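Trainee: Just passing along the structure, written as structure tokens.
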Amino acid sequence: RKLIAMQFSPTNGDFTFVSSTDAEELSGTIDAPDITLNIGPDSTRDTYATTFLRQRGYGWLLEVEEDDTEDTKPLLDELDIDLKDIYYKIRCVLMPMPSLGFNRQVVRDNPDFWGPLAVVLLFSMISIYGQFRVVSWIITIWIFGSLMIFLLARVLGGEVSYGQVLGVIGYSLLPLIVIAPLLLVIGGFDIVSTLIKLFGVFWAAYSAASLLVSDEFKTKKPLLIYPIFLLYIYFLSLYTGV
């Protein structure tokens, strides 16, 4: 096989074929790799779309984010629910005596929403017996009653937030939940039942007032303790229906 020599022109870049008598005869084969080109309409369309998006600054739409399983948090952490903290606050409310050594100020200083909401819903479910419509009313009284206590505390010069009042009032419903089974058992004894009701209301009011009514109120403490006491009397009346 003879090779055709090609002479390139250095001036204009064109080339011409020139016959050469001095060309050597070479023989052999050249193996070319198998190359498959996808030049179908879909590939061309994808290329145009990709180029168009990148030129317009929308290349981020083509990026694929990899799932990072290490950053996945448990559901309780996502909802900011600390079961140990809620359990500790429940113990602080049920045992308000300072001699027991509980740091009860954590109920006020570190308020949460899910714990008080669970207590209010539990009290509402207990009150469902024979009066289902009371449930929404109890939640409403919790929200707006806490708002009234908050406004009154601010007027009296207290440094307290609405979230703190909402949490303390909600957690302090626990004493009423504790006495609820006793009222079912001792329902026929009016005197004993009345004493248990008074005990439960005083217990709940003391737990809430001891956290909300601090020394900053000085001589104005009764002005805040009294509406808290009335609020828990109203909660108990929603349960008993009286």
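Cβ atoms are placed via backbone N, Cα and C, with glycine included.
What TrEMBL records for 102-237 is domain 'Yip1'. Annotation source TrEMBL lists transmembrane segment at 113-130, 136-156, 168-189, 195-214, 223-241.
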Trainee: Reported in the order helix, strand, coil, what are the DSSP residue counts of the domain 'Yip1' (102-237)?
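Mentor: Grouping H, G, I as helix and E, B as strand yields 109 helix, 0 strand, 27 coil.
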Trainee: What mean pLDDT score does the domain 'Yip1' (102-237) have in the model?
Mentor: 85
